[in-house]
Amino acid sequence: MSNVYLMTRAAYVKLSRPVAKAALRAGLTPDIVTLAGTAAAVIGALTLFPIGQLWWGAVVVSFFVLADMLDGAMAREQGGGTRFGAVLDATCDRLGDGAVFAGLTWWAAFGLDSPSLVVATLICLVTSQVISYIKARAEASGLRGDGGIIERPERLVIVLIGAGLSDLPFFPLPWTLHVAMWVLAVASVVTLLQRVHAVRTSPGAMEPLHPANGEKPETSEP
């Protein structure tokens with residue numbers, strides 16, 4: 001992950017601390033903030049992107065993605081999050097990503113009538129879910145499945161900037177959405193392959209799935 005992202009995240013963590021404390025004093029919990037932020041982002045993506053309001057869609061989703069990150073700051077103020085909170089956060093991230101790409105796919109198909117853009121957005125939709133699943137499934141098996149040239153923060157930055165600029169008020173740049181989605185599609189496929197390779201080369205990856213000592217074998221699902 002880039003140093004720029006790490007520096008930006010560190011600054012956000014510092015700035016969000018007073019807001020996190022205020023939210024906790026108001027009786028909110030990290031899980032409530034996670035659910036509220038995700039619901040708002042999903043609604044924004046599925047109502048604005050499909051009708052071509054890409055600028056406002058990008059603004060709304062960006063705002064609530066940042067708001068959703070507040071749950072982590074709140075958890076830190078409480079001394080750390082819970083296992084359920086981590087699972088809920090990851091689940092909501094997948095829902096948010098899916099809504100963004102689903103909304104853009106709809107606009108590409110029925111608003112722009114662009115088969116090539118539909119293909120790109122569908123690739124991004126599928127790979128965004130599979131990339132995360134590879135990591136979760138690998139970790140559940142005690143293997144390493146992280147890394148790759150692009151992760152969720154970079155993915156969101158690329159798609160939201162591309163979408164926003166394509167519908168920029170007074171000076172739209174329609175080509176930016178096509179470029180952003182194809183760059184993201186290619187990078188996502190590469191990341192998927194990198195994670196599969198990371199799992200394949202992890203220590204113990206080639207051990208038998210069904211133990212010979214009669215222990216219960218792993219299932220194919222985490």
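Placed from the backbone N, Cα and C atoms, the Cβ positions cover glycine too.
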Same-site residue for Mg(2+) 1 (record: Swiss-Prot; known: D68, D71; options: D89, D97)
D89
Have a look around T34 (CDP-1,2-diacyl-sn-glycerol binding site) and count the other CB atoms within 10 A of its CB, chains all included.
26
Looking at the binding-site residues D31, D68, which sits with the largest number of other Cβ atoms within 10 Å of its Cβ?
D68
Leading contact stretch, 32-49, 95-112, 118-136, 156-173, 179-196 vs the transmembrane segment (55-74) - CB distance under 8 Å
32-49
Anything within 10 Å of D93 (active site, proton acceptor)? Look among the binding-site residues V33, D68, R76, T82, comparing CA atoms, and list what you find.
D68
